[in-house]
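Asks: Reproduced below are the annotations present in Swiss-Prot:
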BINDING   4-8, 116-124, 126, 154  ATP binding site
BINDING   51, 56  substrate binding site
BINDING   125, 155  Mg(2+) binding site
């Protein structure tokens with residue numbers, strides 16, 4: 001089994017190898033699945049998204065339009081300091097962790113138990129520890145980001161991973 005740091009490097013490389021057309025096609029498939037997921041859960045009104053970096057799955061315009069049409073409010077992470085983050089709305093107001101119905105969470109790798117590997121700073125693991133089990137935590141990834149690894153006790157287990165496949 002590969003160690004987490006090697007796995008991070010490998011997945012960053014794999015994402016970087018996607019050409020624009022491949023990435024656009026995969027992102028479109030995933031965005032369609034995200035919309036289908038949200039349609040089945042009409043109680044989700046406050047959704048935590050992320051601003052994609054380093055070739056993470058992007059939220060496309062049709063997805064963002066879907067959120068507006070369905071009156072789903074989106075919020076985004078904002079780094080507070082080297083250990084903590086918060087989520088803010090479009091007016092830069094901090095959102096209480098318990099007011100978020102569902103989190104769409106980026107990742108570098110995931111395993112069969114829905115544990116994720118991120119960039120290794122622990123921002124999401126610490127933030128999600130403030131939330132309740134009722135709030136959905138959904139990992140967003142490409143299929144090729146699946147890997148077998150041993151999770152650490154502090155690694156947060158997600159409810160579901162949504163991929164292109």
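Just so you know, glycine gets a Cβ as well, placed from its N, Cα and C.
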Asks: Within a 10 Å radius around the Cβ, which one of these binding-site residues has the most neighbouring Cβ atoms: 51, 117?
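Replies: Of 51, 117, the one with the most crowded Cβ is 117.
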Asks: For a quick check of packing: other C-beta atoms within 10 Å of the C-beta of residue 155 (Mg(2+) binding site), how many?
Replies: 19
Asks: At the Cα level, what's the spacing in Å between residue 123 (ATP binding site) and residue 51 (substrate binding site), rounded?
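Replies: Residue 123 (ATP binding site) and residue 51 (substrate binding site) have their Cα atoms 14 Å apart.
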Asks: If I take the alpha carbons of residue 51 (substrate binding site) and residue 4 (ATP binding site), what is the distance between them in whole Å?
Replies: 23
Asks: How far is it from residue 121 (ATP binding site) to residue 56 (substrate binding site), counting Cα to Cα, in Å?
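Replies: Computed Cα spacing between residue 121 (ATP binding site) and residue 56 (substrate binding site) is 17 Å.
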Asks: Where's the emptiest Cβ shell within 10 Å among the binding-site residues 56, 125?
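Replies: Per-residue Cβ counts within 10 Å for the binding-site residues 56, 125 bottom out at 125.
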Asks: Just jot down the residues in the same chain as residue 8 (ATP binding site), at least 6 apart in sequence, with C-beta under 8 A of its C-beta; none if empty.
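Replies: Spatial neighbours, sequence-distant, of residue 8 (ATP binding site): 108, 109, 117, 119, 120.
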Asks: Measure from the Cα of residue 155 (Mg(2+) binding site) to the Cα of every one of the binding-site residues 4, 6, 56, then give the nearest.
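Replies: Spatially nearest to residue 155 (Mg(2+) binding site) by Cα position is 4.
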Asks: Expressed to the nearest Å, what is the distance separating residue 56 (substrate binding site) and residue 4 (ATP binding site) at their Cα atoms?
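Replies: Computed Cα spacing between residue 56 (substrate binding site) and residue 4 (ATP binding site) is 18 Å.
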Asks: Take the Cβ of residue 123 (ATP binding site) and count every other Cβ within 10 Å, whichever protein chain it belongs to.
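Replies: Here the count is 17.
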Asks: Determine, from DSSP, whether residue 51 (substrate binding site) sits in helix, strand or coil.
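Replies: Looking at the DSSP assignment, residue 51 (substrate binding site) belongs to neither helix nor strand, so coil.
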